[in-house]
Amino acid sequence: MRSQSLLYLSLAILFLFYVLPLLFALFKLDLSKIFVEFDEVARAIFLSVTTATFSTFISLFIGVPSAYILSRREFPGKSFVETFLDVPVVIPPVALGTLFLVLFSETQAFSGILFTPYAIIVAQLAVVTAIILRLMKTVFDQIDVSYDYVARSLGYTPAEVFLKVDLPMAKNGIISSAILAWTRAAGEFGATIVLAGASKNVETLPISIYLKLSVADISGALISVFVLVGIGIAAVTAIKRLG
């Protein structure tokens, strides 16, 4: 009984750890600012939604087939490739952004991308592609490979096995990964500020928070904070509904 009480206590502490800041922030929020700064917030939301959507689709296009290869095929150096592709998940986004900054600044063909909305997409891609790769590899690992053998025995090509057998079975996993990646992209800050900077023409929601805090506008920053919190809650709810 005592141990059970301790378990509930730990859960309550964890819950309050996240809920209390939200409650205090709600009291600090000046609702009148929403109308005063509506245009600015709307632009930040639009840019965040647009860039996150583009980067998520590109990440899916690259990450899903790559995850399938890593799940279903054996090749020399596979362990090294898997380890290397996991690195972007564990290093800080600001470090990842710095690596791309060096590449782009030293490459004339790409230097024009820096400090533009395109740089935001690159920053988001750098972060979320590795996440999609890891999530989707887990999804494909959980699909019984015997379905592939049956399909091959019926004359399916490897491409048909992927497109007609494994991909439909991974549908929920793909949708969940896409939602999680999109949410992470919309909230990306570290790599974005390195590659795109912090100005009005590249003002995503996280950049908006940074700009507001830089002039001690806490109430203005909280508007973008609660938009991101709302996006996060919606994303988690959607993933839970998918099971």
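Placement of Cβ uses the backbone N, Cα and C atoms for every residue, glycine included.
Here TrEMBL flags 45-237 as domain 'ABC transmembrane type-1'.
As annotated by TrEMBL, transmembrane segment applies to 7-27 (among others).
The transmembrane segment annotation in TrEMBL covers 47-71 (among others).
The transmembrane segment annotation in TrEMBL covers 83-104 (among others). Nonlocal intrachain contacts for the transmembrane segment (83-104), taken as residues 6+ away from its ends with a CB within less than 8 angstroms of a stretch CB, comprise 66, 70, 110-111, 113-114, 119, 122-123, 126-127, 129-131, 133-134, 188-195.
The transmembrane segment annotation in TrEMBL covers 110-133 (among others). Within the chain, the transmembrane segment (110-133) has long-range Cβ neighbours (under 8 A, six or more residues past its boundaries) at 47, 50-52, 54-56, 58-60, 62-64, 66-67, 70, 85-89, 93, 96-97, 100-101, 103-104, 177-178, 180-182, 184-185, 188, 191-192, 194-197, 199, 201-202, 204.
Nonlocal intrachain contacts for the transmembrane segment (218-239), taken as residues 6+ away from its ends with a CB within less than 8 angstroms of a stretch CB, comprise 22, 25, 28-30, 33-34, 37, 41, 44-45, 176, 179-180, 182-183, 186-187, 205-206, 208-209, 212. What TrEMBL records for 218-239 (among others) is transmembrane segment.
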